[in-house]
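Undergrad: Below are the structure tokens for one structure; questions will follow.
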Amino acid sequence: MLIKGGHVVDPKTNTNGIMDILVEDGIITEIGKDIEISNGDIIYAEGKLVLPGLVDAHCHLRDPGFEYKEDIETGTMSAAMGGFTSIACMPNTDPVCDNKAVVKYIINKAKQDGYVNVYPIGAISKGQKGEELSEIGELKFAGAVAISDDGKPVKSSSLMKRALEYSSMFDIAVISHCEDLDLADGGVMNEGYWSTVMGLKGIPSAAEEIMVARDIILSEYTKVPIHIAHVSTELSVELIRNAKKRGVKVTCETCPHYFVLTDEACKDFNTLAKVNPPLRTRRDVEAVIEGLKDGTIDIIATDHAPHHADEKNVEFNLAANGMVGFETALPLAITYLVKPGHLTISQLVEKMCVNPSKLLGINKGTLETGRSADITIVDLNEEFVVDVNKFKSKSKNSPFHGFKLNGSVYYTLVNGNVVVREKVLL
């Protein structure tokens, strides 16, 4: 197969220009100008961007246990439509992904039903109860790419310290959901003007920041890397920026909703904008964008969190936290980061391909010859209107319905197989 005449961008190989890509037996074998083939599929990519397949370091596939929200088949269909070729799924399933049986189940089901590469993340604590460490070696050898109790914080500092020590033995990333539950205290949105106007219990930004500070200190103390999930506040960004300057091995991610939306999106009790950590203020949004620009924030993840309509169609206090993200993440990043000049395409590829692969220790996120052909082809300028009813995800809980965005995904190739062709899932 030949991908012809597209604008290829891959910071890992310092590629940024009009090139052809030759794919043979699912492997990238040549990148250069004017490559010819006598027979085989030719994809004409003139006027489009050709990027390494996107890698999502943080999503929820809800399988096993919550298949009424999403399963591995529908989740990976949605990922493919959004240009993602590799995704890492969080362990808050039922049963929790805290042992090799669940890891193997996810890997095998993804091989059977999956449209993209799926990598399980194991739980830090058994049952995500925060009491006893999972068998981290067992998780790693079964195929887990990281450990996290995402959805819940690790409340005990000594348990988190031990998790870091074990993670360094087994060379596996630790991803921390930073939330002080005592401070969050049952809040349902960001504490501020809008929570006051709506009469809802607020979550102070300090609930995130205190745990970010703790985890930075534990990482510094143990000399083991830590990765902070879904950073949403100005002070969190500042704490991580300062820690990096001191040489602490801390990395972090944010999600599109934290650089696009503020807590005003919750007005009129819009449960589609209810998420954890909550949407913050304009000042926080600007700080997150600044953190992306200066490299403090390494990764853009989706935190794709599908919920059944019935779980959102209730009073704000009772609604589930989270939003689907696969099919809007790249267009939101293009529209709100690349178009205004905050990031170049090359920097965006670092945050959505190169750095997530590095965190998870997987051989993805680049178009190097010899690598499997995971490739995403995007029209940077094409404008479209988000329609949640067209999402391939089982769940449609997105606050972005009706948004005008740039950046349509035209093709997604996974291991050399075309799974999305001309914006249609095959």
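Glycine is no exception: its Cβ is also placed from the backbone N, Cα and C atoms.
Sharing the feature lines straight out of Swiss-Prot:
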BINDING   His58, His60, Asp150, Asp303  Zn(2+) 1 binding site
BINDING   His60, Leu61, Arg62, Asn92, Asn276, His307  substrate binding site
BINDING   Asp150, His177, His230  Zn(2+) 2 binding site
ACT_SITE  Asp303  active site
Undergrad: When DSSP is mapped onto helix/strand/coil, what comes out for His230 (Zn(2+) 2 binding site)?
TA: coil
Undergrad: Please report the number of other Cβ atoms within 10 Å of the Cβ of Asp303 (Zn(2+) 1 binding site).
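TA: Looking across every protein chain shown, the total is 27.
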Undergrad: Hey, does DSSP put His58 (Zn(2+) 1 binding site) in a helix, a strand, or just coil?
TA: strand
Undergrad: Do any of Asn92, His177, Asn276, His307 (binding-site residues) have a CA within 10 A of His58 (Zn(2+) 1 binding site), and if so which?
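TA: For His58 (Zn(2+) 1 binding site), the binding-site residues whose Cα atoms are within 10 Å come to none.
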Undergrad: Below 8 Å Cβ to Cβ and six or more residues apart, same chain only. Which residues does that give for Asp150 (Zn(2+) 1 binding site)?
TA: His58, Met90, Pro91, Asn92, Ile121, Ile175, His177, Ala229
Undergrad: Have a look at the binding-site residues His230, Asn276, His307 and say which one has the shortest Cα distance to His60 (Zn(2+) 1 binding site).
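TA: For His60 (Zn(2+) 1 binding site), the spatially nearest of the binding-site residues is His307.
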Undergrad: If one measures from the C-alpha of His230 (Zn(2+) 2 binding site) to the C-alpha of Leu61 (substrate binding site), what distance in angstrom results, rounded to a whole number?
TA: 17
Undergrad: Going by DSSP, give the three-state secondary structure for His177 (Zn(2+) 2 binding site).
TA: coil
Undergrad: Whose Cβ, among the binding-site residues His58, His60, has more other Cβ atoms within 10 Å than any of the rest?
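TA: Its Cβ has the most other Cβ atoms within 10 Å: His58.
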